Amino acid sequence: MIIIVTGTPGVGKTVASKKLSETLNLNYLSLSQFVIENKLYTEYDELRQSYIIDEDKVKEELEKIISASHLVIETIYPSLISTADLVVVLRKNPFSLYNELKGRGWADIKVAENVEAEILGVISQEAREAFKDKVCEVDTTEMSTEQILNKILNKQCDGPIEWLVDTKVQRFLEELDKIISSYENDI
(Lines of atoms letter the chains of each structure in order from A and count residues from 1; the text may use other names and numbers.)
(Lines give C-alpha, C1' and ligand atoms only; values in the text may rest on other atoms or scores of the structure.)
Protein backbone atom coordinates (compact mmCIF):
# COMPACT_ATOMS: atom_id res chain seq x y z
CA MET A 1 0.00 0.00 0.00
CA ILE A 2 1.29 3.44 -0.95
CA ILE A 3 -0.31 6.56 0.52
CA ILE A 4 0.93 9.96 -0.56
CA VAL A 5 0.38 12.93 1.75
CA THR A 6 1.01 16.16 -0.10
CA GLY A 7 0.30 19.88 0.05
CA THR A 8 2.14 23.16 0.29
CA PRO A 9 4.61 23.64 3.15
CA GLY A 10 2.90 24.49 6.43
CA VAL A 11 -0.34 22.54 5.98
CA GLY A 12 0.59 19.74 8.40
CA LYS A 13 2.07 17.06 6.12
CA THR A 14 4.89 15.90 8.37
CA VAL A 15 2.88 15.41 11.55
CA ALA A 16 -0.09 13.87 9.71
CA SER A 17 2.13 11.55 7.64
CA LYS A 18 4.05 10.27 10.63
CA LYS A 19 0.87 9.70 12.62
CA LEU A 20 -0.80 7.98 9.66
CA SER A 21 2.18 5.67 9.10
CA GLU A 22 2.22 4.80 12.81
CA THR A 23 -1.54 4.14 12.89
CA LEU A 24 -1.52 1.96 9.76
CA ASN A 25 1.82 0.31 10.60
CA LEU A 26 3.38 1.53 7.34
CA ASN A 27 6.87 2.89 6.81
CA TYR A 28 7.25 6.67 6.57
CA LEU A 29 9.26 8.45 3.89
CA SER A 30 9.86 12.18 3.70
CA LEU A 31 10.66 12.80 0.05
CA SER A 32 12.49 16.04 0.93
CA GLN A 33 14.79 14.21 3.37
CA PHE A 34 15.22 11.38 0.86
CA VAL A 35 16.34 13.91 -1.78
CA ILE A 36 18.82 15.60 0.55
CA GLU A 37 20.24 12.38 2.03
CA ASN A 38 20.73 10.85 -1.43
CA LYS A 39 21.93 14.10 -3.05
CA LEU A 40 19.16 14.00 -5.65
CA TYR A 41 19.32 17.73 -6.33
CA THR A 42 21.08 19.89 -8.86
CA GLU A 43 21.74 22.99 -6.77
CA TYR A 44 20.74 25.02 -3.74
CA ASP A 45 18.61 28.13 -4.30
CA GLU A 46 19.92 30.69 -1.78
CA LEU A 47 17.05 33.12 -2.35
CA ARG A 48 14.39 30.53 -1.52
CA GLN A 49 16.57 28.54 0.86
CA SER A 50 15.62 25.35 -0.98
CA TYR A 51 17.21 22.56 -2.98
CA ILE A 52 16.38 22.26 -6.68
CA ILE A 53 15.60 18.59 -7.20
CA ASP A 54 16.75 16.42 -10.08
CA GLU A 55 13.35 14.99 -11.03
CA ASP A 56 14.72 12.15 -13.18
CA LYS A 57 17.06 10.92 -10.45
CA VAL A 58 14.30 11.19 -7.83
CA LYS A 59 11.89 9.13 -9.96
CA GLU A 60 14.58 6.52 -10.62
CA GLU A 61 15.49 6.13 -6.94
CA LEU A 62 11.84 6.12 -5.82
CA GLU A 63 11.03 3.28 -8.23
CA LYS A 64 13.65 1.14 -6.49
CA ILE A 65 11.99 1.44 -3.09
CA ILE A 66 8.30 1.85 -3.90
CA SER A 67 7.77 -1.44 -5.73
CA ALA A 68 8.55 -3.53 -2.65
CA SER A 69 7.28 -1.22 0.07
CA HIS A 70 4.25 -0.24 2.08
CA LEU A 71 4.72 3.46 2.65
CA VAL A 72 3.28 6.77 3.64
CA ILE A 73 5.18 9.27 1.50
CA GLU A 74 5.22 12.93 2.48
CA THR A 75 5.97 15.22 -0.45
CA ILE A 76 5.29 18.50 -2.19
CA TYR A 77 5.87 16.73 -5.53
CA PRO A 78 3.10 14.12 -5.91
CA SER A 79 3.62 13.60 -9.64
CA LEU A 80 7.15 12.26 -9.06
CA ILE A 81 5.62 9.14 -7.57
CA SER A 82 4.42 6.59 -10.11
CA THR A 83 1.80 4.76 -8.09
CA ALA A 84 -0.44 5.26 -5.07
CA ASP A 85 -3.50 3.74 -3.49
CA LEU A 86 -4.54 7.06 -1.94
CA VAL A 87 -3.32 10.63 -2.39
CA VAL A 88 -4.23 13.01 0.43
CA VAL A 89 -3.82 16.69 -0.41
CA LEU A 90 -3.76 18.73 2.77
CA ARG A 91 -4.97 22.31 2.29
CA LYS A 92 -4.98 25.31 4.61
CA ASN A 93 -6.66 28.70 4.60
CA PRO A 94 -4.18 31.05 2.87
CA PHE A 95 -4.22 33.62 5.70
CA SER A 96 -3.46 30.94 8.30
CA LEU A 97 -0.81 29.45 6.03
CA TYR A 98 0.83 32.85 5.56
CA ASN A 99 1.10 33.28 9.34
CA GLU A 100 2.47 29.75 9.74
CA LEU A 101 5.21 30.26 7.15
CA LYS A 102 6.13 33.77 8.37
CA GLY A 103 6.41 32.25 11.84
CA ARG A 104 9.07 29.90 10.51
CA GLY A 105 11.21 32.90 9.61
CA TRP A 106 11.15 32.15 5.90
CA ALA A 107 12.13 34.74 3.29
CA ASP A 108 9.23 36.84 1.99
CA ILE A 109 9.59 35.43 -1.54
CA LYS A 110 9.40 31.84 -0.27
CA VAL A 111 6.34 32.60 1.86
CA ALA A 112 4.59 34.45 -0.98
CA GLU A 113 5.27 31.75 -3.57
CA ASN A 114 4.05 28.97 -1.29
CA VAL A 115 0.89 30.79 -0.22
CA GLU A 116 0.20 31.67 -3.85
CA ALA A 117 0.58 27.97 -4.74
CA GLU A 118 -1.96 27.12 -2.03
CA ILE A 119 -4.44 29.75 -3.23
CA LEU A 120 -4.17 28.55 -6.83
CA GLY A 121 -4.33 24.87 -5.85
CA VAL A 122 -1.10 24.04 -7.68
CA ILE A 123 -0.30 20.84 -5.76
CA SER A 124 -3.93 19.74 -5.75
CA GLN A 125 -4.09 20.13 -9.52
CA GLU A 126 -0.81 18.23 -9.96
CA ALA A 127 -2.13 15.41 -7.77
CA ARG A 128 -5.45 15.24 -9.65
CA GLU A 129 -3.69 15.15 -13.02
CA ALA A 130 -1.46 12.28 -11.88
CA PHE A 131 -3.89 10.27 -9.71
CA LYS A 132 -7.43 11.37 -10.70
CA ASP A 133 -10.03 9.72 -8.44
CA LYS A 134 -7.48 8.57 -5.83
CA VAL A 135 -7.19 12.16 -4.53
CA CYS A 136 -8.80 13.31 -1.28
CA GLU A 137 -8.43 16.96 -0.22
CA VAL A 138 -8.60 17.78 3.48
CA ASP A 139 -8.80 21.32 4.86
CA THR A 140 -6.49 21.33 7.91
CA THR A 141 -7.27 24.89 9.00
CA GLU A 142 -7.70 25.00 12.79
CA MET A 143 -7.76 21.19 13.01
CA SER A 144 -5.83 19.00 15.44
CA THR A 145 -3.64 16.17 14.20
CA GLU A 146 -6.22 13.69 15.49
CA GLN A 147 -9.01 15.40 13.54
CA ILE A 148 -6.90 15.41 10.38
CA LEU A 149 -6.00 11.75 10.85
CA ASN A 150 -9.65 10.86 11.42
CA LYS A 151 -10.69 12.56 8.17
CA ILE A 152 -7.95 10.74 6.25
CA LEU A 153 -8.76 7.32 7.72
CA ASN A 154 -12.47 7.79 7.03
CA LYS A 155 -11.79 9.35 3.61
CA GLN A 156 -13.84 12.41 4.54
CA CYS A 157 -12.74 14.66 1.72
CA ASP A 158 -13.37 18.41 1.68
CA GLY A 159 -12.41 19.07 -1.89
CA PRO A 160 -11.87 20.21 -4.39
CA ILE A 161 -11.16 23.30 -2.32
CA GLU A 162 -11.37 26.65 -4.13
CA TRP A 163 -9.94 29.55 -2.12
CA LEU A 164 -10.41 32.06 -4.94
CA VAL A 165 -14.19 32.24 -4.48
CA ASP A 166 -13.46 34.57 -1.53
CA THR A 167 -12.83 38.19 -2.62
CA LYS A 168 -10.51 38.71 0.38
CA VAL A 169 -8.34 35.87 -0.91
CA GLN A 170 -8.39 37.41 -4.40
CA ARG A 171 -7.06 40.69 -2.96
CA PHE A 172 -4.50 38.76 -0.90
CA LEU A 173 -3.30 37.04 -4.08
CA GLU A 174 -2.74 40.46 -5.66
CA GLU A 175 -0.60 41.47 -2.66
CA LEU A 176 1.39 38.25 -2.90
CA ASP A 177 1.97 38.90 -6.61
CA LYS A 178 3.43 42.31 -5.71
CA ILE A 179 5.85 40.67 -3.27
CA ILE A 180 6.91 38.11 -5.87
CA SER A 181 7.28 40.81 -8.56
CA SER A 182 9.56 42.82 -6.28
CA TYR A 183 12.05 39.92 -6.47
CA GLU A 184 11.99 39.58 -10.28
CA ASN A 185 15.52 40.91 -10.70
CA ASP A 186 16.79 38.35 -8.19
CA ILE A 187 15.07 35.37 -9.80
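Note that Cβ sites are derived from N, Cα and C of the backbone, with glycine treated the same way.
Annotated features, as they stand in Swiss-Prot:
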BINDING   Gly10, Gly12, Lys13, Thr14, Val15, Arg104  ATP binding site
REGION    30-53  region 'NMP'
REGION    103-113  region 'LID'
Conformational class of Thr14 (ATP binding site) under the three-state DSSP mapping: helix
Nonlocal residues around Gly12 (ATP binding site), in sequence order (Cβ under 8 Å, 6 or more apart): Leu90, Lys92, Thr140, Met143, Thr145, Ile148
Model confidence over the region 'NMP' (30-53), averaged pLDDT: 93
Largest inter-residue Cα distance among Gly10, Gly12, Lys13, Thr14, Val15, Arg104 [record-listed ATP binders, Å]: 16
Which of Lys13, Arg104, the listed binding-site residues, has fewest other Cβ atoms within 10 Å: Arg104
Number of Cβ atoms other than its own within 10 Å, given for Val15 (ATP binding site): 15
Env. residues of ATP site, Cβ within 8 Å of mean position of Gly10, Gly12, Lys13, Thr14, Val15, Arg104 Cβ: Pro9, Val11, Ala16, Glu100
Residues that sit under 8 angstroms from Gly10 (ATP binding site) by C-beta distance, when 6+ apart in the chain: Lys92, Leu97, Glu100, Leu101, Arg104, Asn114
Helix, strand and coil totals (DSSP H, G, I; E, B; other) for the region 'NMP' (30-53): 7 helix, 10 strand, 7 coil
Conformational class of Arg104 (ATP binding site) under the three-state DSSP mapping: coil
